[in-house]
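Data block below; observations after.
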Amino acid sequence: MHTSARWSALLLAPAVLLVAICFVVPIGSIVLRSFTEPELGLATYERLFADPTTLRVLGRTLLVALGAVGLCLLFGYPYAYLMTLVGPDMRAVLMVLVLVPFWTSLMARTFAWVSLLQRDGPVSALLAFAGVPGVTLLGTAAGVMIGMVQILLPYMVLTLSTTLSRIDRGLLTAAQSLGANRYRTFFQVYLPLSLPGVFAGSALVFILALGFYITPQLLGSPRESLIAQVIGVRVERLVDFAGAGGLSLIVLLTTALCLAAAVLAFRPVRAMLGQGGDRR
Amino acid sequence: MNQRTPVRLPLALWAGVTALLLVAPTLVVIPLSFTERRSFSFPIEGWSLQWYERFFTDPRWYGALGTSIAVAIGAALVATVAGTLAAIALDRARLRYGWLIRALLLLPVVVPQIVAAVAIFGTYLGWGISGTPLGLLLAHIVLAIPFVVIPVSTALQSFDPTLERAAAVLGAGGWGRFWQVQLPLISPGVITGFVFAFVTSLDEVVIAYFLQTPTLRSLPVQMYSSVTVETDPTIAVASSLMLVFSTIVILLPRFFAARRRRLLKAKETP
Amino acid sequence: MSKTNQSPGAPAATLQQTGRSVRLSGLSKHYGDFAAVDGIDMDIRAGELLTLLGASGSGKTTTLSMIAGFTTPTEGTVLIDGEEITRVPPHKRNLGMVFQHYSLFPHMNVRTNVEFPLKQRGVPKAERRRRAMEALEVVELAHRAQARVTELSGGQQQRIALARALVFSPSVLLMDEPFGALDRALREKMQMEVRRIHRELGVTVVFVTHDQQEALTLSDRIAVFERGRIEQVGTPEDLYERPASLHVATFLGESNLLPGTVDGGVFVTRSGSRLSAGSAENGPATLVVRPEHVRVQPATGTGAGIAATVGEVVYLGADKRLVAVTADGEITARIAAAEGYRPGDDVRLGWEPGAAAVFPG
C-alpha cells in the first residue's frame, strides 16, 4: 500500500536511532580517539606498530582464525553434506544436534571446555590412555583452538547446509550419466556448486574468530594472547582507549575486507553457476 | 522421490565424530553440577545437590539470574517492537537508501564483540550509564535488533500484498490492516525474532563483562568470574540450566509442529 | 449439492439493494512517459454489469485499480453517484472487490473472513454473524462456515470471496479476473453464479477480463480496451454486430478479413472482386464479415459475389462450417447442416450489404 516517506521515517526512527546512538557512535568515537589522543595524528599507530608484540599478536590471531576456518570446514562440510543425503527424520535429528549447541550459552560451553581440558582432566586422561601421558591443553594455543572450533562449528554447518540443500542433485545424476565417476562428479560438479556456502561459512567463522574474547581468555594463556585479549587488556588494565581504538580499527578493517571479499566472491561464483535468481 | 545417493561408511563415521564433538563436550557440565567437592575435577566421587541449593540461595547467583532475565525480557521487547517496525518500513517503502539503512541495522552482528564491548564501555562511561541497568539494556537492545529484523523481513517477503489491498477495499484502515491482517500473518517471524533477541541478550558475556559493577552482574558474567576468580562449582549448575533451557527452546516448536501434524493426520483419517 | 435453509436462489433480503452509478471522466494514469490509461470517459449505469475487456497491458486493470483506490490517477476524476472519490482512500469507498487469487485471509476461518468487512464497519457481533451466514447462503456455502479457508477448493474459495465482497451491501462490486485461476467447467459455472447474484441483488458490477467469451456471456455492456483507451462501449450485440473498429471486430468472435481498397463506394479486393463498401472513405481498407453472414451459392451463372472452391466442410451438429478458398485467401462460412457442399465444389460467396463492415487500413 502507499506508505508515505513520513510514515516510513517514523517506523524506522526507533531502530535507526537506537543503533546509531547506542552502537555506531561508540564505535566511531573509540576509533576517533585513536587519532586524537593524546594529540591529533598517527602517534597511536606509531606506538602500536613500534611494539613488536602487536604484529606478533595480529599474526597469531589471523593464524588461529584461519585454522579455525579450516577445521570447521573439515568437520562441517561432510556433516552438512550428509544432511542432504539422509531422509527428513534423520535430517531433523542432525539439525537439532547442531542447533542445541548453537543456542547454548557461550559461557556454559566454554566452562565445559575448561573442565575438560584442565590438568588431569578427562582429555588428559584420554590422551594418556592413547599413549601420550602428561599433557594439559588448558592454557595452550591448541586448547584455544579446540574450544573455538567446537563453538564455531554450528555457524559453519548452518551456513553450508543452506547452500548444499539447494544444489540440484539431478545435475550429479546428469554428470554421472555423461560418464563422470563419483569422485569427478563430486570435485568437478558438486564442490564448485557448494563454493558460495563455503565462502559464506568461512567468512562468518573467520569474523567471529577474530573477535573471540571469552574463550581464549579462559582456555588460553596471557603469553599467547590474541588481539581481542590485547584490546581488552588495553582498556581494563592500561585504560588506553586510544590504543584499544587503534587495534579495533585494525580488526574492523580486516572484518570489512573479509566481508567484501565474501560478497564479491559470492557474485561471480553465483553468476557463473547461474544460481542467481533465488530472490523474488 | 528421486533415487537417493547411498551414504558411504567413512562419511557416516566422520559425521558421527562431528556430532559427538558438537554435543558431547557440553554435557560434561551436568555431572559436574552434582559433585560433592568444591572443584571441577574428575572423576566425581560423591554426589550432592548443594550447588543447586547454593544457586537458588546465594544472592550473587540468583540475583545475577534475575538481572539477566529482566534485561533479556526488556531488551527483547524493545528490540522486537523497534526491529519489526523497521523491517515493515524497509519492506514497504522502496527507499533509495533502504539497503544502507538495512546494513546499518545489521551492523551489530558484524562488528566483532570485543570491539563493540570496549567501544560501548568507553562511550557509556562518558555518558554515565556504564554499570547501570539502562546501559546494559541499551547495549543488548542494539545487539538484538538484527536478530529481529532478519526473521521479520523473511516473514514479510512471503506476505502476499494483495491481502492488504483486499483488507483495504473491505473497509480496513491503516491500523485495522496492520493489527488484523499483517501482524497476525507475520507473527511467526516476530515471535522468532523475540526468541532470538531474548537468547542473544541472555547469553551475551563480553559487553556485560565490561559494563559490570559488583551490584550489576548478569548470569554469564557471574559465571565468568566464578571460573577466573574462584573455583565455584555453582557455575556447573548455571551451565546445566542454560543447556536445558536452550534444548527446550529448540525442541518445543518442533514438538508442537509434530503434534499438529499428527492431529491433522488424525482428522483426515477419522 | 449442498442443502441450504432457504430455497436455492432466494436472495437474502438484507443484501438486496439499488446499485450505484460510476462515472470516469478524463481518467489517465502515466508512469513516466508511458500512459497506462490515457484519458478515458465512461458512465457505468446503476445496477448494470459492465465488463472491461482487453488484452494484458491494455489499461483495464489499471482502470479498475483507480476505481478501487489502489492507484491514484495522474489526471481525471472518479465519481460514484455523482460524488467525487478520486482521492478517497480505498477503505472509505465502500466498494466490494473480488481478486484473481481469492485473497482470503489465511489466518481466519470462512465465517470470520466474511465478517471482516462488517467488523471494520463496527457492526455488532450477533448481527455480524447473522449477515455473514446470509451471505454464505447466497453462495451456497453456509455449511462450510467453520472451515479453514485452506481446506477449500479454488471454486469454493472464490465463492467465499464473493460473499465477503457482498456482505456489507457495497455500492459497487469490482471483480478483477476472478475466474482466471479456475478450470473451464468451473469458470462457466461461476459465470452463471455471478449472473444470478447480479440479477437477484441488483448490485452494480465492474468486471475485468481478457476472455471475450466470458465478457459476451456475462455483460450488460462491454468496454473494449486497447492501449490505454476505450475503443468501444456497448451491449454484446452492439459490439458483435456493429464493431466500431477493426480491433473490436477481430477481438470479439470469429471474423473473415479481406484486404483491399475503397474507391468511390466500392470495395475492390486484391484480386479485383468488387463489393459494396457502404460509406467508407477512399483508400486502403479491410472488409470484415462474420462467418454466419456469408452466404454460399452454387457457382451457376455470373451473379454478384466472390468465386471460390470449397476446401473443407466440418459438421458441427446444429450447422456446418465451410472453408472456401478464394483468390483473396480463405473465407469461413456457417451453413445449414442440410446443405450438401463437398470439398472441390465451385461456389459463389456473398452477403447482405449491411452485414459486412469496412475499416480503413
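Backbone N, Cα and C define each Cβ position, glycine as well.
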Give the range, chosen from A:189-214, A:215-240, that TrEMBL lists as transmembrane segment. A:189-214
TrEMBL feature transmembrane segment, matched against A:33-56, A:57-80, maps to A:57-80
According to TrEMBL, which listed range is transmembrane segment: A:163-188, A:241-266? A:241-266
Same-chain residue ranges lying at least 6 outside the transmembrane segment (A:92-114) that approach it to Cβ under 8 Å: 79, 82-83, 86, 138, 143, 146-147, 150-151, 153-155, 157-158, 161, 214-215, 218-219
Cβ under 8 Å to the transmembrane segment (A:126-153), counting only same-chain residues 6 or more beyond its ends: which ones? 60, 64, 67-68, 71-72, 75-76, 98, 101, 106, 109-110, 113-114, 117-120, 205, 208-209, 212, 215-216, 219-221, 224, 226
Long-range neighbours of the transmembrane segment (A:189-214), counting only residues six or more past its ends (CB under 8 A): 61, 64-66, 68-69, 72-73, 76-77, 80, 106-107, 110, 148, 152, 155-156, 159-164, 167, 171-172, 175, 180, 226-229, 232, 251, 254-255, 258-259, 261-262, 265-266, 269-270, 273, 275
Give the nonlocal contacts of the transmembrane segment (A:241-266) in its own chain as ranges (CB under 8 Å, at least six residues past its ends). 27, 30-34, 36-38, 44-45, 47-48, 54, 58, 62, 195-196, 199-200, 202-203, 206-207, 210-211, 227-228, 230-231, 234-235
